[in-house]
Amino acid sequence: MTTPALLPLSGRRIPTLSPGASSFPHHRATLRLSEKFILLLILSAFVTLCFGAFFFLPDNSKHKRFDLGLEDVLIPHIDPPKEGKGQPRGQPAREEEESLRDKIRADHERALQEAKEKLRKSREELQAEIQTEKNKVVEDLKKKDSGPKPLPPVPMPKVVGVSDGEPLEPDVKEKRDKIREMMKHAWDSYRQYGWGHNELKPLAKKGHSTNIFGNSQLGATIVDALDTLYIMGLHEEFRDGQEWIEQNLDFGVNAEVSVFEVNIRFIGGLLAAYYPLRTGSKCSGMAVFKMKAVQLAEKLLPAFNTPTGIPWAIVNLKSGVGRNWGWASAGSSILAEFGTLHMEFVHLTYLTGNPAYYQKVMHIRKLLAKMDRPNGLYPNYLNPRTGRWGQHHTSVGGLGDSFYEYLLKAWLMSDKTDAEARKTYDDAIEAIERHLIRKSNGGLTFIGEWKNGHLERKMGHLACFAGGMFALGADGSPDDKAGHYLQLGAEIAHTCHESYDRTVLKLGPEAFKFDSGLEAVAVRQNEKYYILRPEVIETYWYMWRFTHDPKYRQWGWEAAQAIDKYCRVSGGFSGVKDVYSSNPTYDDVQQSFFLAETLKYLYLLFSSDDLMPFESWVFNTEAHPLPVLHLGNITLPGSEPARR
């Protein structure tokens, strides 16, 4: 048997082969990963040794050091101290440099000693160490992807007057029970056929997703529906959703998502599930919801990395790369999207103590305040690179709607201390009323759209939320106009009810016109569909809360019956393509907002007012309730103290 020989290059001991043997076995053409690791380790030690031999040659009068010209790279820059009397010229600098050299020598010796110890170990020991290091790397990556460390505890906003909201009247209770049954059918169908997918195709009975969530399956319906389930007392279903979120909700996916949509649906939904929805012992305040909301918010922050601070509409959750929708005017961001972040981001700062979220949305507000506004109106498009308006199109419906809603709700959520938000809202509504709100020949009040210098006499289903907004903002309006805005809300509610009542299915179209003798009626085929939208029912609920006029409950019940009759299928609920046809075709999509908003607003409409009272809760644009932050004695990081 031959004695082991040394490999000259690295010093690794390799057994020599018997005469005539091949250099490498035929069945293994390459080195194993563990052998590569050991070779690399020993090679690096050898290079370090050789380099040290050159670098650390004695530096004195008898031995001249080789000057490699790398001092500025290898030795941290040390500013020479100022010379004084009695101080040898250049002596402090030499002492500091020599001290640094001693430290580097010691580190070098320690690394060399560790390499020698590695070489004394057996092959099995080295493989075990390599596997241990691999496992450590995997665990570190898991910890990194798991999100931030546990968040600091903060005082929970005080919530009073919350109850199950059971109505006293038997017939109202019966209607509310029917709404709960509709919710259970929608949820159970999703649970059976689309679990984990973003939405459901109730006819095909399989999962569905749209481009607003990229190619990811993030369980949007689960997150969106959680607080509705809890409010309705469907606690077993709530726990199923909670368990899925704990085990499966992962935002580290390579997917482009809508910043706006994931903010209102996911961050809003998670925060609403985190905050208590009941007083007493029952509480949904699970830390996992808060942690997931913060993880997602961190993924959205790169979208704000633009020259103006106006965020991109879309961001890749993995890379952080942002962009805008290809169809948006000249590469612009959209008013309703970058203007609908304030509520959620303020709560994120409150819960984490991180001022970044609050500062991002306040920067948007301050930038808009400095800009010229044509006729006092906010166009729907703003270029995030140049800070200039895009196409001058203004709407209280799609592209603009929730920007105005969040101005009002920022004031309400601040316990009415955010005077800047209230003033901005009041000014915007005054301009809207002057330029966009008109009466039809038949006496219907509608909100048109400003396009290319003229008013288009068309109103979208999305704009029907404004009736509730006007009512909600009536108290606190300037010049004693509370009664005026409550009346304006009632007129919008009436117009939107007419858009429902003038269809065959008693469900409202996506958009309806007020010209050429037509009023509150859709003209184009692509405007005749109903996709389970909530905005009209939302306004019914707000008007009911402020007036208790029974017609709003009646109108809401008409809508609920129509949805149950024409949109319900065996696998859930589907939108319909033509509300003027007695034999409608389905679009085969159960939208997540149907569970988050439409059914929630119906349930609240038939509940007593002490369920989610306005004094304690403000609903985001996806109907997720967030508590009012009584900030009289609390200062958000980076903000000024609240003043009353």
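Glycine too: its Cβ is placed from the backbone N, Cα and C atoms.
Positions annotated as transmembrane segment by TrEMBL: 37-57.
Among the features that TrEMBL reports, region 'Disordered' is placed at 77-103 (among others).
Residues or ranges marked as region 'Disordered' in TrEMBL: 136-170 (among others).
Note on Asp401 (active site): other Cβ atoms within 10 Å of its Cβ, all shown chains, come to 26. Feature annotation from TrEMBL assigns active site to Asp401 (among others).
Annotation comment: TrEMBL describes Cys464-Cys496 as disulfide bond. In the structure as shown, the Cβ atom of Cys496 (disulfide bond) sits within 10 Å of 29 other Cβ atoms.
A simple way to gauge crowding: the CB of Glu535 (active site) has 24 other CB atoms within 10 angstroms, across all the protein chains here. The active site annotation in TrEMBL covers Glu535 (among others).
For the pair Cys496 (disulfide bond) and Asp401 (active site), the C-alpha distance works out to 16 angstrom.
Spacing of Asp401 (active site) relative to Cys464 (disulfide bond) is 10 Å (Cα to Cα, whole number). Neighbour count (other Cβ atoms within 10 Å of the Cβ, all protein chains): 31 for Cys464 (disulfide bond).
Rounded to the nearest whole angstrom, the C-alpha distance between Cys464 (disulfide bond) and Glu535 (active site) is 6.
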